[in-house]
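First up is the structure itself, then whatever we jot down about it.
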Amino acid sequence: MAAIVIVGAQWGDEGKGKATDILGGQVDYVVKPNGGNNAGHTVVVGGEKYELKLLPAGVLSENATPILGNGVVINLEALFEEMDGLIARGCDASRLRISSNAHLVAPYHQILDRVQERFLGKRAIGTTGRGIGPTYADKVSRVGIRVQDVFDESILRQKIESALNVKNQTLVKMYNRKAIVAEEMVQYFLGYVERLRPMVIEAELELNRGLDAGKHVLMEGGQATMLDVDHGTYPFVTSSNPTAGGACVGSGIGPTRITSSLGIIKAYTTRVGAGPFPTELFDKWGEFLQTTGGEVGVNTGRKRRCGWYDSVVARYASRVNGFTDLFLTKLDVLTGIGEIPICVAYDVDGVRHDEMPMTQSDFHHATPIYETMPAWDEDITGCKTFDDLPEKAQAYVRRLEELSGCRISYIGVGPGRDQTIVCHDVMEA
């Protein structure tokens, strides 16, 4: 039995999809425990590139059952559009299963998300506008719509009417928008009932019974540690807990059953949207990382902000997630750049901080303190073992390992599934 949690260690887009794709072929279940269609990832299989948004990367594995856990918020229109796209390409997306307790994104959530961001102007968070935040807000306010609700029309209608009593007041009186007709929302959800019905299960029961039977489970977290609503750069965060603890909550698997916590981390750092980013680059090197690394958001098409590796963030992520291992991605992007700066600490108003500053204000004012290491010029995209890497690349990896306080067990040297060096297999932990 193995229960492995995959967590982004930075601000997202670290390559979690690749890690899931590699490990997904060795497990029985791949679970997405949080998020929605607001965080895309790219997976390359057999030379084919797949851009996934709501579905877990495990849907591309022939052996694993992909599951959307209770912590996910689901846009049904986006879900079936993504599934149909995969089916058209020969993927058996019909194996997907969905927790009956997952919450649903309604069209009014998306409307509210967009008008609220527009209203905030320069103070906007930089959301994707897909209704994720408002859906989670309804969840914690106990007025959300769950998957199970669509199978009882009277409950569905009651919940929608109750929710719109408040939301229409907000839309009409505050944002000068038209009121939403409750019956239209009811019919919207009822239109998906028959296709949805065979996919819905008691996910926590299925997963725990699987673990009892010795099966392997992989939990594929969305977003990343620094976007966690509790542990991230609040308020520039997502609305869920994309950390190891959140994976337990969003799947129904208890923390004592977790065998490995695998952090996915780039050899440099990126971020999409607003918020503090101490190592962000505004010079030719930022442009180099963006261009060479292909740093464009899968969901939004926005260019990602780029910066050097931040070991303060890495140590923080290792601590709050209890990482047992790290998966270092995109090492090949740094080939041939001469010198590689590594942020080892911050300067905040003349005071050195080796760990994450306590306050939001201090983090906003943090200036990176760098050390540099020599880069390598050799092509590493064909390296199969750690010893195949040039000495300078090995030294860089070992230094990141030392600074992060966690062993690096996987190293990505290219986008392909086979372009991964395995130093330690977490399936054998």
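For all residues, glycine too, the Cβ spot is worked out from N, Cα and C.
Summary of the site annotation: Swiss-Prot records IMP binding at Asp13, Glu14, Gly15, Lys16, Asn38, Ala39, Gly40, His41, Thr128, Arg142, Gln223, Arg302. Screening the candidates Thr238, Thr243, Thr291, Thr292 against this entry identifies Thr238 as the one listed for that site. In this structure, Gly301 is the one among the binding-site residues Gly12, Gly15, Gly40, Gly301 with the smallest number of other Cβ atoms inside 10 Å of its Cβ. Taking a C-beta cut-off of under 8 angstroms and a sequence separation of 6 or more, Arg304 (substrate binding site) has the following same-chain neighbours: Asp13, Thr270, Arg271, Val272, Gln290, Glu295, Val296, Gly297. Reported as a whole number, the C-alpha separation between Asn38 (IMP binding site) and Gly12 (GTP binding site) equals 11 Å.
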